[in-house]
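*Asks:* Would you mind keeping the following structure in view while I ask a few things?
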Amino acid sequence: MAKKALINKAAAKPKFKVRGYTRCQRCGRPRSVFRKFGLCRVCFREMAHAGELPGVSKSSW
């Protein structure tokens, strides 16, 4: 889990646009966040396996 101060800092609008960054909405992780879902890869995988993300299925080829 990310520190609350860092989550609040990321939520605030930065002075310059390029300083803004995405964080996982569930755990606050700053890296590897899917913009479409707003989740990091770890949370995305957990929720997909639990069937909590509609329209997401495991691919196989």
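Each Cβ is built from the backbone N, Cα and C atoms, and glycine gets one as well.
Dumping what Swiss-Prot says about this protein:
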{"type": "BINDING", "residues": "Cys24, Cys27, Cys40, Cys43", "note": "Zn(2+) binding site"}
*Asks:* Same-chain residues six or more away whose CB lies under 8 A from the CB of Cys40 (Zn(2+) binding site)?
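*Replies:* The answer is Cys24, Arg26, Cys27, Arg29, Arg31, Ser32, Val33, Phe34.
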*Asks:* Would you mind checking how many other C-beta atoms are within 10 angstroms of the C-beta on Cys43 (Zn(2+) binding site)?
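*Replies:* The answer is 21 other Cβ atoms.
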*Asks:* Could you tell me which of these binding-site residues, Cys24, Cys27, has the greatest number of Cβ atoms within 10 Å of its own Cβ?
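*Replies:* Within the set of binding-site residues, the most crowded position is Cys24.
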*Asks:* Residues other than Cys24, Cys27, Cys40, Cys43 within 8 Å, Cβ to Cβ centroid, of the Zn(2+) site?
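*Replies:* My list of surrounding residues reads Arg23, Gln25, Arg26, Gly28, Arg29, Val33, Leu39, Arg41, Val42, Phe44.
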*Asks:* Three states by DSSP: which one describes Cys43 (Zn(2+) binding site)?
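*Replies:* Where Cys43 (Zn(2+) binding site) sits, the three-state DSSP reduction gives helix.
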